[in-house]
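> Pasting the relevant annotations from Swiss-Prot:
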type     : residues                                               : note
ACT_SITE : Lys193                                                 : active site, proton acceptor
BINDING  : Trp13, Lys33, Lys108, Ser142, Arg257, Val281, Glu283   : NADPH binding site
BINDING  : Lys108, Gly138, Lys193, Asp246, Ser256, Arg257, Asn258 : sn-glycerol 3-phosphate binding site
Amino acid sequence: MGKNITVLGAGAWGTAFGQVLADAGNTVTMWAKEQRIVEDIRDRHHNAVRLPSVEKLPDNMTATGDRAEAVKNADIVVVAIAAQFARVALVEFKGLIPDHAIVVSLMKGIERGTNKRMDEVVRESLDLPADRFAAISGPNLSKEIADRHPAATVVACTNLDNATKVAEACTTSYFKPFVTTDVIGLEMCGSLKNVTALAVGMARGAGYGENTAAMIETRGLAELTALGAAAGADPKTFFGLAGVGDLIATCGSPLSRNYTFGANLGKGLTVEEATKVSNGVAEGVPTTDAVVALGEQLDVPTPLAYQMSRVLNEGISCSEMLAGLFGHEVTGE
């Protein structure tokens, strides 16, 4: 039997995941602030602003701009809001979400200023117990999922039964979820790989080849694994779909906003110019400084994140960024 599921945020990924949930037989309500998007989804089953490639969304998807109406009957509430705005947006839903509902985060990022993961931000904002929070992460490029190309993901919750409930609610013929209790690992994977994707994209945009890209990806994986382990994550998580899988997809596709943003930087655009071309800032941009700060907090070296921070804040070139990665003593891998 299908569930009542609300998706907060009708961007490309939120809408694409809403379609997955609808295809799985659930009744889906999208919540958006923009009245134009609400009316488009509700009246025309289309999201021309954020996901124009899908001509018709399923009939069991609707939309509203009213917060209370959006969540009043929800069994599951999915959060697909830009990570850096999550806390401000979610506070408005405190006290509105039913006590039995599981809250699921699709967000990937570290909150700037607090260095907190999205699970911490969501739980603090909604005063939510750990067993009612779940996160979803994996190699999930929204355009491909919107086109119903086969894909897999990972659902993490400290309560395995609740992780399974969420996984069952988003299982379709083309979308396969796996479950884990390693929320910290999943959150760290989803957040930190965006910094690596920026760096790989920048190298590609500057004209560097496979060796350079492979070096950045591999060292980026080592960096995020070390950070995750220091934060209490299971290192195995970083070598599954949420880690290596997401890294491969994000670092190798022009569909990835982080990769594309980095590529534009590599071609010589400034951060401001790349933001305009990308129609917004990629999540990896505000996350980069937070990763550096988190590394300092956990006493874990973050050379790649540090060099990307210099790119974003000081405007150094790709060649200078790469030179910075080589300016260390010889160590074991």
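Any Cβ shown, glycine's included, is placed from N, Cα and C.
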> Just checking: which of Lys193, Asp246, Ser256, Asn258 have a Cα that is within 10 Å of the Cα of Lys108 (NADPH binding site), counting only these recorded positions?
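So far as Cα distances go, the recorded positions lying within 10 Å of Lys108 (NADPH binding site) are Lys193.
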> Between the recorded positions Lys33, Lys108, Lys193, Arg257, where is the Cβ count within 10 Å the lowest?
Lys33
> Which residues does Asp246 (sn-glycerol 3-phosphate binding site) neighbour through Cβ under 8 Å, counting only same-chain ones at least six apart?
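Result: Ser137, Gly138, Pro139, Asn140, Cys189, Gly190, Lys193.
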> Give the number of CB atoms, excluding that of Gly138 (sn-glycerol 3-phosphate binding site) itself, located within 10 Å of its CB.
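Gly138 (sn-glycerol 3-phosphate binding site): 23 neighbouring Cβ atoms within 10 Å.
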> What whole-number distance in angstrom separates the two most remote CA atoms of the sn-glycerol 3-phosphate-binding residues Lys108, Gly138, Lys193, Asp246, Ser256, Arg257, Asn258?
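Farthest Cα pair among residues binding sn-glycerol 3-phosphate: 15 Å.
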> Which of the binding-site residues Trp13, Lys33, Ser142, Glu283 has its Cα nearest to the Cα of Asn258 (sn-glycerol 3-phosphate binding site)?
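Sorting the binding-site residues by distance from Asn258 (sn-glycerol 3-phosphate binding site), the top entry is Glu283.
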> Anything within 10 Å of Ser256 (sn-glycerol 3-phosphate binding site)? Look among the binding-site residues Trp13, Lys33, Ser142, comparing CA atoms, and list what you find.
Ser142
> Run through the Cβ atoms and count how many others sit within 10 Å of the one on Ser256 (sn-glycerol 3-phosphate binding site).
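Result for Ser256 (sn-glycerol 3-phosphate binding site): 26 other Cβ atoms within 10 Å.
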> Give me the non-local Cβ neighbours of Trp13 (NADPH binding site): same chain, 6+ apart in sequence, Cβ-Cβ under 8 Å, ordered along the sequence.
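Expected: Ala80, Leu106, Asn140, Ser142.
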> Give the helix, strand or coil assignment DSSP yields for Trp13 (NADPH binding site).
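The residue in question, Trp13 (NADPH binding site), is helix (DSSP, three-state).
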> Using Cβ-Cβ distances, find the residues under 8 Å from Glu283 (NADPH binding site) that belong to the same chain and are at least 6 apart in sequence, listing them in sequence order.
Ala82, Ala83, Gln84, Lys108, Gly109, Asn194, Arg257, Asn258
> DSSP secondary structure for Ser142 (NADPH binding site), reduced to helix/strand/coil, please.
helix
